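A.B. asks: According to TrEMBL, the protein carries these features:
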- 30-262: domain 'NADP-dependent oxidoreductase' (DOMAIN)
- TYR52: active site, proton donor (ACT_SITE)
- LYS77: site 'Lowers pKa of active site Tyr' (SITE)
- HIS110: substrate binding site (BINDING)
Amino acid sequence: MASSLRLNSTLKLNDGLSIPRLGLGVYLTQSADAIKHALQFGYRHIDTAQWYENEEVVGEGFKASGMKREDVWITTKIWDTNHGYNQTTKTLDESLKKAGLDFFDLVLIHSPNPGKEKRLETYRALIDAKKQGKIKSAGVSNYGVHHIKELLAQFPNDPPSINQIEISPFFQRKDIVTECRKHNIALQAYSPLGKGAFVDRPELHKIGEKYKKSPAQVLIRWSLQQDFIVLPKSSNEERIKANADLYDFELSKQDIDTLNAMETGKGVTWDPTKAP
Ligand SMILES: NC(=O)c1ccc[n+]([C@@H]2O[C@H](COP(=O)([O-])OP(=O)(O)OC[C@H]3O[C@@H](n4cnc5c(N)ncnc54)[C@H](OP(=O)(O)O)[C@@H]3O)[C@@H](O)[C@H]2O)c1
């Protein structure tokens, strides 16, 4: 229930793990302090990737926070040029070393772009890494409906726990969301603020005024009330804090309907979900 959401709320995944509902996006973040502050404010989930070249920074920030490893969820993603069984296994070890960690909570295939054979081999490497304890959960990102079907056909006993895709009221991805929900695959919403492009929208200000909340808080709260795991990015201490101040209000059904009617069918970033 939306009204019972807390900063430490989690979602149960199809592999039995519980993932914190709010994660800190760190694309373009090169500050270990930002990671440390987020954890001190109460974030318990950090979303990095090989592509972001900041796995070291995330590891540094985590260590500086003094948190216990089991209390923080850390995700990374296998980049397109690291697909294939051997290369995935090798670069996953490198990512662990860079972050100074013994395991990742979640590893995602960053995109399906490298093609069918490569992405299936990459997923096989993730399943084996899970058996070896290097990762707790295996998932995908930017997978369209046909990629999900392909993966489930090949790995019926090891479905991905998560599909991380761009989602906001302006780009709701209903076809992918429906397919994932059919198979109990959780959705992570990335670029929830439209990479910053949505934070001054007057229609969001208007909704936010009722609750004394900013457009960014309205957008992140919308995602939580859709049962998504949401990943706002900020490397600014004030905005990191504000983006987690979401638990003293609930968007009404009417406001959710207004937000749902803002669909444009267009995203703000890359879209590999249509890749062959
Ligand atoms: N799997 C994928 O392919 C993929 C693709 C894109 C993103 N992601 C993940 O999702 C995360 C979030 O997406 P994103 O980084 O694309 O964009 P986003 O979270 O939609 O927006 C981030 C931008 O908004 C600004 N911002 C943050 N909070 C704000 C606030 N309260 N008021 C005003 N401006 C604010 C940030 O600047 P400041 O830092 O200066 O606050 C930054 O410029 C990424 O960091 C990454 O972890 C994954």
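Including glycine, each Cβ sits where the backbone N, Cα and C put it.
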A.B. asks: Between the residue listed as 'substrate binding site' and LYS77 (site 'Lowers pKa of active site Tyr'), what C-alpha distance do you get in Å?
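C.D. replies: Taking the Cα atoms only, the residue listed as 'substrate binding site' lies 5 Å from LYS77 (site 'Lowers pKa of active site Tyr').
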A.B. asks: Near the Cβ of LYS77 (site 'Lowers pKa of active site Tyr'), how many other Cβ atoms are there if near means within 10 Å?
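C.D. replies: Other Cβ atoms within 10 Å of LYS77 (site 'Lowers pKa of active site Tyr'): 25.
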A.B. asks: Once near-sequence residues are set aside, which residues in the chain of TYR52 (active site, proton donor), 6 or more away, have Cβ atoms under 8 Å from its Cβ?
C.D. replies: VAL26, TYR27, LEU28, THR29
A.B. asks: Under a three-state reading of DSSP, tell me whether LYS77 (site 'Lowers pKa of active site Tyr') is helix, strand or coil.
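C.D. replies: The three-state answer is strand.
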